[in-house]
Structures are given as C-alpha cells and as structure tokens.
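Participant: Dumping what TrEMBL says about this protein:
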{"type": "COMPBIAS", "residues": "379-388", "note": "compositional bias 'Basic and acidic residues'"}
{"type": "DOMAIN", "residues": "63-160", "note": "domain 'Cytochrome oxidase subunit II transmembrane region profile'"}
{"type": "DOMAIN", "residues": "163-343", "note": "domain 'Cytochrome oxidase subunit II copper A binding'"}
{"type": "REGION", "residues": "349-388", "note": "region 'Disordered'"}
{"type": "TRANSMEM", "residues": "6-26", "note": "transmembrane segment"}
{"type": "TRANSMEM", "residues": "47-68", "note": "transmembrane segment"}
{"type": "TRANSMEM", "residues": "88-111", "note": "transmembrane segment"}
{"type": "TRANSMEM", "residues": "132-151", "note": "transmembrane segment"}
Amino acid sequence: MTVFLVIIVLALLALTGWQMSKIFQLSKGPDVESSQVATDKDNSTQGLNLLIFVILFFILMIYCFWYYGNFYLPAAASEHGSQYDNLMFISIAVIMTVQVITQALLFYFGYKYRGNKTKKALFYADNDRLEFIWTIIPVVVLAGLILYGLFTWSNIMNVNEDDDPLVVELYAKQFSWTARYSGDDNTLGKANVRFIEGVNQLGVDENDSYAEDDIVATELHLPVGRPVLFKLRSQDVLHSAYFPHFRAQMNVVPGMITQFGFTPTVTSEEMRSSEYMEEKVRRINEIRRENSTALVANGESPLDSYEFDYYLLCNKICGVAHYNMQMKIVVESPEKYEAWLAEQQTFGETMAAQDAEENEAQGQQEEPIDAPAEVLETTEARNQEEEN
Ligand SMILES: [Cu+2]
C-alpha cells in the first residue's frame, strides 16, 4: 500500500513538473513551429481513432454477451419470476437499442465531421421541432417503463391473503438463517430478542399461545405451488434475504419485520434434472475434477462432486463470514413437505424438553456431592502445612 502511495505521489509530482514547463513555454510567446493548433493530419488521426475505438467497444460488448451468457440464472422457479424477468429483459432491450444507436452515431459523426481547413462549421442556433422530438421520446419511453415497473412491483409485493399463504419467519443473525414455521394455526407466535435464552434462540414468547405449535428449522422446506409469505427478522445488523432462483430479495432490518411472498413452482428435483442445470453441474464437476487431481497430487483430499440445491443467501455485506451466510431450500411435493414437517419438533416440545432437563439437573444438585479428589488433596496439604 505504501509503495502504491509513493508511486502515485511521484507520478503526480512528475505531472506537475510537466504542466509547469508547459506554462513557461507558453509564457514565452507564440512559436510557430511548436503550434498547439491541430493540423488536418492530427484531425484525421483522431477521427480514425474514434472510429476504431467504437468498433473495438462493440466487439468487446458482443464477446462479453457470448462469454458471460453461461452465467445467467435458469428460468425462474417462482410464479412471479417470469414477470420480473420480462421487466428486466424489456429494460435491457430498450437500453441496449438506444445505447448501440447513440454510441455508433456519436463516434461516427466524430470521425465524419473531423476538422478540416477547407470546411467551415455551420452556425445553427436551435430547432424547436428537434428539441421536442428528443425530449418527448425519452419521456414516453421512461414513463412506460416506470408504469410497467410499478404495476409489476405491486403485483409481486401484494400478497393476497385469500390465497392462504403459508407463513414462515426467516430469522437472520451473523452468520446464519433460521426458519420458523407457524404450525397448524398458520400464525407465528410473538417474538422479541429479549426472550432469547437457552434453546429459545429466536426469542419466541413462551406465553403467546400461537407460539406453542411453531416449528424452528435450519433447513427451509417449501411445498411446490403454495404461496409462501416470509416474515423477516434480524437479530443484529442489516441482512438481505436473497433467493436468486425465485427472483426474490428483501432487506432484513433489526427492530422491524419486513415481508416478501412468492409461490415456488419448480421442485428441487425438477430443477436438478433440467437441461440448463445438468449442463451447469457437469461443467462445475469437470472443474472440480481438474482441481482434485492437483489436490490429490499434494496429498490432500479431493473435492466432493457438486449437486444442485436452492439456497437462501444473504445479500448485504454484514460481516466477516457474510459470504457463508446461507440456508438450503428444498422445494418438494406437498406430501413430502408434510412428512418432513411432521418429523420436526414444535417450539412447545423443545421448551418442555429443556425444562425437563433443567429439573433433572436441579434434582441431581440437591443430592450431596463429594468434593473432587483434587480439592481434598490440596486442603489436606494445607492443613498439614498449618500443623507444621
Ligand atoms: Cu447477512
């Protein structure tokens, strides 16, 4: 870092010196030979440079589309996902079209109308009609995009309570996610960080009757085709619940509950067997195999082969282990989901188990406890010393 700063300082000093020498030269008065006025030859070179630049720029752009095209997400795995993707696609298409036309014209005109001693610039003050056209077109296009975006937004964000969405809490803390299902009553029990104690790591209110059947889980299982309403809570700092495959993201803010709802439409199994995912997994495993041979050669264990799973990620840089803040999501048939849910312990059961354990521990404490041998020995030794 210091070396880098020293280099910058030296470069700036050199620049200052060069600029000062230029000022001295200029202050000497006009010198025909070292004229600062561009010649026709200079203008031709610069014009050509503009043309070459824009051509290289477009080549680079096309190359990036081709090369990074592989890294696009697969088709959305949620009901609203296609609306979101359409909005994104239309916005990019509009921006790309305007970008290509304006950049091409800008650099081409720079070349075409390059300076020439024989040409004289046309004095052209203004043109109302032209100004009207280049104002009204962006206004109409932007208003259209914004209106379309607003409708899409309200479509996605307004969760219809009549659909009976499954209510799930996502609890964020540095650096993990925990899910809390609302149980048979589909209502989450109240919670507050002040109640965090022992196994009650989410601070669920034990006295709230709605909390009894809540289910706390470290893996997010979702039934395919059923709307889910996520209630998001954070224990410490800002996090962001990011479900890229479901085209969903919502900030998780300490001190308040935010929400986002979506309907998963593609099970984990279906996504795994899709053409896109099979190809992607094959590519990843190819890279892992190559890396494994190097690892094995160094006497280390090889990498596991990769299998696709949906993940909930954190998309706010929330601390040192932010990159690893994730929770596996399993989208499955309603039957499988119900079976999984039935295996889980309810909050009431977890608390009862903890209380039973505590009572047992207390019961044991009431029995007389023999002092450990070590303590006895030291006491004996001290007694002897005192006697002597
Ligand atoms: Cu985070």
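Using the three backbone atoms N, Cα and C, a Cβ is placed for every residue, glycine included.
Surface or core, plus neighbours and distances: that's what I need for these features.
Facilitator: Within the chain carrying the transmembrane segment (132-151), a Cβ under 8 angstroms from the stretch's Cβ atoms is held by residues 87, 90-91, 94, all 6 or more beyond its ends.
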Participant: Go ahead and report the DSSP secondary structure tallies for the domain 'Cytochrome oxidase subunit II transmembrane region profile' (63-160): helix first, then strand, then coil.
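Facilitator: Taking the domain 'Cytochrome oxidase subunit II transmembrane region profile' (63-160) as a whole: 71 helix, 1 strand, 26 coil.
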Participant: Give, as a single whole number between 0 and 100, the mean pLDDT over the domain 'Cytochrome oxidase subunit II copper A binding' (163-343).
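Facilitator: Summarising the domain 'Cytochrome oxidase subunit II copper A binding' (163-343) by its mean pLDDT gives 89.
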